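This is the structure I want to talk about, given as structure tokens.
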2 protein chains.
Amino acid sequence: MAIRYPNGRQYTPKNKTVKNESKKKSDVLAKNKLTFSNRGKSLEDEIDEANMFYLQRGTAVIHKKPVPVQIVKVAYPSRSAAVIQEAYFRTPSTTDYNGVYNGYYIDFDAKETKNKTSFPLQNVHEHQVTHMRAATKQQGICFLLVCFSTLERFFVLPFDVLDSAWQAMEKGARKSIPLNVFEEQAIEITESYAPRLDYLKAVDQLLSAL
Amino acid sequence: MAIRYPNGRQYTPKNKTVKNESKKKSDVLAKNKLTFSNRGKSLEDEIDEANMFYLQRGTAVIHKKPVPVQIVKVAYPSRSAAVIQEAYFRTPSTTDYNGVYNGYYIDFDAKETKNKTSFPLQNVHEHQVTHMRAATKQQGICFLLVCFSTLERFFVLPFDVLDSAWQAMEKGARKSIPLNVFEEQAIEITESYAPRLDYLKAVDQLLSAL
């Protein structure tokens, strides 16, 4: 029996009208085939998406810190929100992301490079190293989330590996970390669906090695 | 023998010229007598000072989060820093302070009231409670740092005490937490010199009760 709306028009379930939807969906899945390609999303968006997922599932509470600005002038137009009319960017003193995961303090920064063979240390700022060194001393879990965008490979680079390379650089050694060091000493983030950049899975491996 | 400057003027050590300094100092000390009075500092300044002290001593790494703003328009005047010309305040989704202390994730907000008998819950925002509830589930150490400014008394109010009062309020109970609840279930911050608001001492008590 056909179901009808009160106005007499027949009700047609939506999944019947869009005949090719399931085929289309499988095409998209095949195209993406468990890779990080064709996303059109920035690394920051991917991390935000993962953090939102973790928060909703009760897996972890990790947030991006706001960009620090020095506010100089604020106007209060009547009947509307306050408008900041003059402000300046300040240098952050920490990394961009921190939070708590199953009792662990998590602290990291996200870095992206188009380089295919190594990660240039000029992507990292002195204050970030100093901060992660201090947080590591407090038993925090610190790392860099590094994206080799051309290779579409993502790694969780433990802070101690970064710190060794950083200190070596300060003594005159190379100014980058080769990809093979990542392959040996970092943890590659394997592709996932929900969230797509499931970086805590890599952090779990980091934690199990503690 | 009198010591003289190259111009012939006699050198007089400063501690001789200010005859009454030591007396004055003791007066000041007596007046302040290990209390939080006469500081002229905001609660936020006191916490910043404590956090700076903790960071320098390697005790903890705790920072205030920047105020979140939505940046709309940025100008780049030649040869000078970028100027934010239009931006709006966003609602934060977390508390103001977080960090790591001896392996513990620390998360709190600072609140001040002139009220002498109770702490009005209207000082607390829903999103702060939601956030601390989530962080507590991840085994984070969450609390409010409450200043009764008229009484010059400071308390570390554990989140579970706040949450009980909050949930009771939602069911129609009182909209404030009486001072005697603080005296019984919160930890009073005892006065100190370095840092003056040594709130981690109170947190230690919180941790020892876990």
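Yeah, the Cβs are placed from backbone N, Cα and C, and that goes for glycine too.
Nobody curates TrEMBL annotations by hand; they come from automatic prediction.
Since we're looking at a predicted model, the values are computed, not measured.
Pasting the feature list from TrEMBL:
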type    : residues                             : note
BINDING : B:THR94, B:ASP96, B:ASP109, B:GLN128 : Mg(2+) binding site
REGION  : B:1-24                               : region 'Disordered'
SITE    : B:LYS111                             : site 'Transition state stabilizer'
Around the recorded Mg(2+) site, report the further residues of that chain (criterion: Cβ within 8 Å of the mean position of the Cβ atoms of B:THR94, B:ASP96, B:ASP109, B:GLN128; site residues excluded), sequence-ordered.
B:LYS65, B:PRO92, B:THR95, B:TYR97, B:ASP107, B:PHE108, B:HIS125, B:HIS131, B:MET132
What subset of the recorded positions B:ASP96, B:LYS111, B:GLN128 has a Cβ sitting under 8 Å from a Cβ of chain A?
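Listed recorded positions meeting the cut-off: none at all.
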What's the most sparsely packed of the binding-site residues B:ASP96, B:GLN128, counting other C-beta atoms within 10 A?
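The binding-site residues B:ASP96, B:GLN128 were compared, and B:ASP96 has the fewest Cβ atoms within 10 Å.
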Could you give the Cα-Cα distance between B:LYS111 (site 'Transition state stabilizer') and B:GLN128 (Mg(2+) binding site), in whole Å?
12
